[in-house]
Amino acid sequence: MATERERRFVGPRRGQLIFAIFFFAVSALLLALIGSETQWVKKTKLVAQPRFWPAVGLGLMTVLSAIHLCRLPWRRITRYDWREARKWLSVLEFAGWFMGYVLLVPVIGYLPVTLVFVPLLSWRMGYRGGRMLGLAALFALAVVVVFKSFLAVKIPGGAAYEYLPDGLRSLFILYF
Amino acid sequence: MELLLSSLDILARWDVALALLVGSVGGVVIGAIPGVGPAVAIAILLPATFSMDPIVGLTVLLGIYGSSMYGGSIPAVLINTPGTAVNALTTYDGYPMTARGEPRRALSLAYSSSFFGGIFSVICLILFAPVLARVAPMFGSREIFLAALLGIILVVVAHRGQSLIAGALAGFGIWLQSIGMEPVKYTQRYTFDQPFLQGGVNLIVVVLGLFALSQAFVLLTSDDEKIRMTRLRGPLFQGLRELARHPRVATVSASFGVMMGMIPGVGEFTAQFMSYTYAQRTSKRPQDFGNGASEGLIAAETSNNAVPAAAMVPLLALGIPGEALTAMMLSVFYVHNVVPGPQLFQSRMDFVVALYLALLILNVLVMIFLLSATGLLVKVVKIPNRFLGVCVLTLSFVGVYSLRNSVSDCVMAAGFGVLGYILKRLSWPIVPIILGMVLGGIMEVKLRAGMARVKTPWDFIDRPIAFILFFVIIIVLAVHARHVWQDRKALKEAEWKSRHRSTSFGARLLRRRKFLLKERGKVVRGRRKMLSRQSTELY
């Protein structure tokens, strides 16, 4: 049965202890590195020291996360905590998709990569019907037209555009 | 009058008109899609606005900020799911109205209340602008430092029950902004000899990671929900008439919205809570609240829509953003070399009034759009979650990569996306990180400048506004300490009440001895003795 302390806790139980320990450990480690990662300048007031604000930030992180950890109503990591940690790691797949997209755009070009990326990820997410894949391709085209062609955001043309015929090359580099 | 004309002159351009239209319509659509919200949209669009004029870029972002709450009321009323976080209170009375067959009444009342809140706050602030222009120059470095400190403290204490972790995350934000080359002594701070960290951690990269990418991850890992939509028939004008029957609730709620919006770090939730509580306490039928009370819906929607205009006050007058969305807008000002603060009110008052007028026009545009296109707009609520996740991930790329075409920015954004996802799963607050980053930077600069003429600690608060701010900080901390003490006391009491009788061995023996020595005990003992004798005789 849940105790009164557990009932009053804001947020779910799963994963709290693991992340609180991780956050405290990282904060303490960074605070321990303050001597080597910042400098103390002579003949300078305390508040003007380059070390002052990192110390304030890391001090707050370490002290408050330590108190939070002490006040957590749980002391043991259960299998639900580990299952939650595995769930956190599962999003690394989508972070990988994002980074793949980032790395391919300067090589192949914004329009072709987006036209493949959006339907492919939609297919991966389970939308395998023609209608949804068509909508995904339409969305991809709309994004490129709105942002690159119309709003002219700074996305460089792909290296592969160099192999296009003269007339198309500059058009693709500028607008797609 | 001259000021008003020159402000109108700033707005009388085709690109500003287009920005108003795109911002208002886009904001409503984004607000109507549960799971996206204005923060994600603003984070994605931010780099795209850098190439625009300040007034055009800010109008688009203000449009999204100001109109998303109108759109957010649609799913809140029709499917009991708030479109944006601040529409959560709308579901309390909006959805019960839909459930009893009055979706049209609920929506029209939500639109009318939002419209009233928006217009009321803009008019208040236009009237209040001359006073602000007089007060703002009284804010020097010390006052701005204290106001920023107050903002951080308010953000932390506003997360009741989570203030420890909110404080730790604000500290994380302060530390993040300190990474890179320190601008006065030119020393490295936490760069670990990595060249990409020398320029510091970009606020927009953090914002995009924590808001947009993390939301994409949340959507991609969630399940699609089947949505049963209620059909809407007939016009949506009746809400204005019904609103006119509750002028007191509407005006008080809008006033709460304006007041809470102006205080950094407080925002919509507190305004809504106060308005809703006021409306319930003063209502003739308080039992109807939560079951489809029109006054409850008016209180919730009027107060949340009065906040965006008011939230621009600390941003424009002091350069201090009170929440994540205004923090993002601050970066647009900096990109265009328009530094918000006391000087802006003195030198470019027409620009400030033009922004308020843009908000006024925006509210009218949104109202017209909603009254004519709600039937169509209802369909966007049905977009499946995971497909929405694909769209947000694709759009996040535009935001991060177009900033500096840097792969390391994208890696950092992906990292912050994973962090944001974990924080969302744990229900830890994200806003303190952003405000820690923005306000930490302001505090560093202003404290250094403010301490130049300070010899004793008392000198720091010897000016009237500095003293008032310091006094307010002390009061806020004292009130928070009292709340913490009361919560602790209540917890102890609850634990004491729910605690079972002691099961320690000594106490158990004592109870047993007492029982055996009593008359009843003797009878029981005798019976058991007899039973045991009988049973032994059997063998």
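Including glycine, each Cβ sits where the backbone N, Cα and C put it.
Quick look at what TrEMBL annotates:
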| type | residues | note |
| --- | --- | --- |
| DOMAIN | B:18-435 | domain 'DUF112' |
| TRANSMEM | B:12-33 | transmembrane segment |
| TRANSMEM | B:109-133 | transmembrane segment |
| TRANSMEM | B:139-157 | transmembrane segment |
| TRANSMEM | B:164-181 | transmembrane segment |
| TRANSMEM | B:201-221 | transmembrane segment |
| TRANSMEM | B:315-335 | transmembrane segment |
| TRANSMEM | B:355-378 | transmembrane segment |
| TRANSMEM | B:385-403 | transmembrane segment |
| TRANSMEM | B:426-445 | transmembrane segment |
| TRANSMEM | B:465-485 | transmembrane segment |
Recorded stretch that, among B:109-133, B:139-157, B:164-181, B:201-221, B:465-485, has the most CB pairs under 8 Å to the transmembrane segment (B:385-403) = B:201-221
So, do the transmembrane segment (B:109-133) and the transmembrane segment (B:201-221) meet, by the test of 3 or more Cβ pairs under 8 Å (sequence gap 6 or more)?
-> no
Listed stretches B:164-181, B:355-378, B:465-485 vs the transmembrane segment (B:139-157), most Cβ pairs under 8 Å: range B:465-485
What stretch of B:12-33, B:201-221, B:315-335, B:426-445, B:465-485 shows the most Cβ pairs under 8 Å to the transmembrane segment (B:164-181)?
-> B:426-445
Based on Cβ pairs under 8 Å, which of the stretches B:201-221, B:315-335, B:355-378, B:426-445 lies most in contact with the transmembrane segment (B:12-33)?
-> B:355-378
Can we call the transmembrane segment (B:201-221) and the transmembrane segment (B:465-485) in contact, meaning three or more C-beta pairs below 8 angstroms at a sequence separation of 6+?
-> no
Taking all residues of the domain 'DUF112' (B:18-435) together, what is their mean pLDDT?
-> 84
Which residues, given as numbers and ranges, are at least 6 beyond the ends of the transmembrane segment (B:315-335) yet have a Cβ under 8 Å from it?
-> 38-39, 42-43, 46, 49-50, 54, 57-58, 61-62, 65, 132, 135-136, 139, 144, 147-148, 151, 203-204, 207, 211, 261-267, 341-342, 344-345, 352, 355, 430-431, 434-435, 437-439, 442
